[in-house]
Amino acid sequence: MLISRRNLGIGLGAVAAGYALWPRRARWEQDVPAGRVALRYWEKWTGEEGAAMQRVVDRFNASQDRIFVVRLPVAETYSKAMVAIGGGDPPDLVGLFSWNVPYFAQSGALLPLDGLDQAAYPRAIWELLCHEGRAWVGVNTCYSLALYSNRAHLAEVGADPERPPRTLTELDAVAERLVRRDARGRLERAGFLQAVPNWWPYLWPLATGGRLFDDATHRVTCDTDACVAAYEWVSATAQRHGRLDSQGFARGFDRSNLSAADPFLSGQVSMIVQGPWMANVARSKAPDVDYVVSPMPVAESVYDPERPQGLLEADVIGIPRGCPHPEEALEFLAFTQRPDVQAQLCSDHCKPSPLVERPADFEANHPNPYVDVHERIVRSPAAAVLPRHRAWKSYSDLLVPAFERIWTGADPRTELAGVAARAQGLVDRSDAAHRAREARG
Amino acid sequence: MSARGELRTGLVWTAPFWIGFALFTAVPVALSIRYGFTQYDLIEDPLPVGGANYAEIAHDPVFWTALRNTGIFAACSVTLNTVVALALALLLEQKLRGRELVRALVFAPTLVPISAVAVGWLWLLKRDDGLVNTALGALGVAGPDWLGDADWALATLVLMSGWIVGAQVMVFTAALRDVPKSLLEAAAVDGATAWSRLWRITLPTISPAVAFNVIVSAIWALQVFALPLIMTRGGPQNSTLVLSMYVYQNAFQYGRMGYASALAWIQFALTCALTIAAVRFARRRVHTRVGAAG
């Protein structure tokens, strides 16, 4: 008897449903050896930095036979992790930025790490791992920002290549001599521009002793005199270089930073504030560039050679709430906090160590010839961190257009007052909601 | 089969759509109405805040900037797209050599992913060594910093949007074939100029297609997202920040899902209001042929 059309349809439907529902391993865990607990680890790093983290993962996987970590590179990890956690399907481990910690911790998106040993971390690093007195993440390399100067360029204008500028006055004086213009009068080379790279428009108040936020009172302080003075210095730099010309010059590097066409490595900007990864890029993309690294120049009133100023931030690793294997995830996280593991990873990233204890030969064998400068900033009592508040991202996104408007001639005090008013509202609303939730229990 | 049986069969066969629509559209949309009246960050329980999100929007300068940018972009890009698409459709209706090739080329940008289009334009529009400014320089004109100058960036995005008109051209081309040749010939015999024939015969005849294109383009333009996100990230100075980007920032970068929901509903309400206004205007002004379907 021929099969009826109806029965054929039912049969095909059953086969399709069976295929769809048949249990099988997800693609990410297909290489996991049998019998091991597979952990999903979302990390933002790709390229050389991703490969370095993979070496840490491989070392852990080889060190025991119970757990197998699979590193998955994920762009914009923090927003995707929040959606995954909210949706009930989080990874076992997630790599974040330290400025994400207040938001994730306050939302209850991470498991607390009460077992972390505070004594293992320098003061400023410990601050980055904590929120409201409790540790929520482990550290996974850190960075401090410093001034990278092209030695040949400094020598060319009669400045001492062994003594890069230390104060804003010295910086401005040398930068002015380094400027080169083409026949049309357009910038061909700049000495120093705060807009190159345009990654941290919120950094400059550090140079004048200003702070963007008062952690104790939760007051936005970007409109204080010290902060206004910093942005007046920014505005004066733009004015000297030609506001629109220098803006266009700076934006031309938006997509070439940290490539072979990087403004500093290609010699188009002689001095630049950057992180330690610059050494990594320099050795692979422009090994012939001869540079020197020093702490960020600051105003004379702030300068103290024993207390170098600089922004300190860290990459961190946390365990999302609701993850499938929290105990195994904690085991991997503890492994990453070992001094020898961090030393290996930081060395591969050209970064300073985020731990108090380092292998004796850490600096001697480090591929970054100026890691000591970054280390000094990490351990400096004057090292500054970004505001520890969940509203920071929205606050910083207000500072970006304000910085751009100041660059093109807007009054710094007016711009910063506008940012402060809006950002304070965001902070207050966030705090009020937090208090209301706590009151509800 | 009885009417009830037909209905049941129809529902069974369309069930995958209804289930998907309910799960991924209707329920999230309904939830977003509720979230608009709460403070919600995806993890913690939504905290009711009444109309606070809407009150905050009224005093949020970034929202007003985004709304202004979205309005300018929509008005300019819809006008530009309609004019460019109509001009190309009229051109392609002429008996020209290589017409089919040109038609394919006009439609090609519609098939290219927007991210690839955006990256290509980024290189073309670079200030110092972009092809556009190099070409202008050869003519003795100093090109602006197309995407880096706050006075030019939004206009540049509008100009770029005029490049992706393949779908509109197709609609116009189909409509132009419905224009009665006899009417055009009679008008020509009576001495009507080409402009007069276009204005008095062609445009009124294809006015339903014009209305359709304007409404669809306006809805697209009011929701524009990928183009400014890739090209300018809303800068410089927020000059290209549009509403969809601001909704995205609040929802996924700032963890303010409640505020983002309120913003999205305002965007939806504005889009609806403009669409209804356009449809009403079209009803009064669009020429429809009675019994054309015959």
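Placed from the backbone N, Cα and C atoms, the Cβ positions cover glycine too.
Those TrEMBL annotations? Automatic predictions, nothing curated.
For B:67-278, the entry in TrEMBL reads domain 'ABC transmembrane type-1'. Residues or ranges marked as transmembrane segment by TrEMBL: B:12-37, B:71-92, B:104-124, B:152-176, B:210-231, B:257-279.
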Subject >> Candidates B:12-37, B:71-92, B:152-176, B:210-231; stretch with most C-beta pairs under 8 Å toward the transmembrane segment (B:257-279) >> reply: B:210-231
Original post:
For the transmembrane segment (B:210-231), which partner among B:12-37, B:71-92, B:152-176 gives the most CB pairs under 8 Å?
Top reply: B:71-92
**OP:** Mind checking which residues of the chain, 6+ beyond the ends of the transmembrane segment (B:104-124), have their Cβ under 8 Å from one of its Cβ atoms?
**Re:** 88, 92, 130-132, 147, 160, 163-167, 169-170, 226-227, 230-231
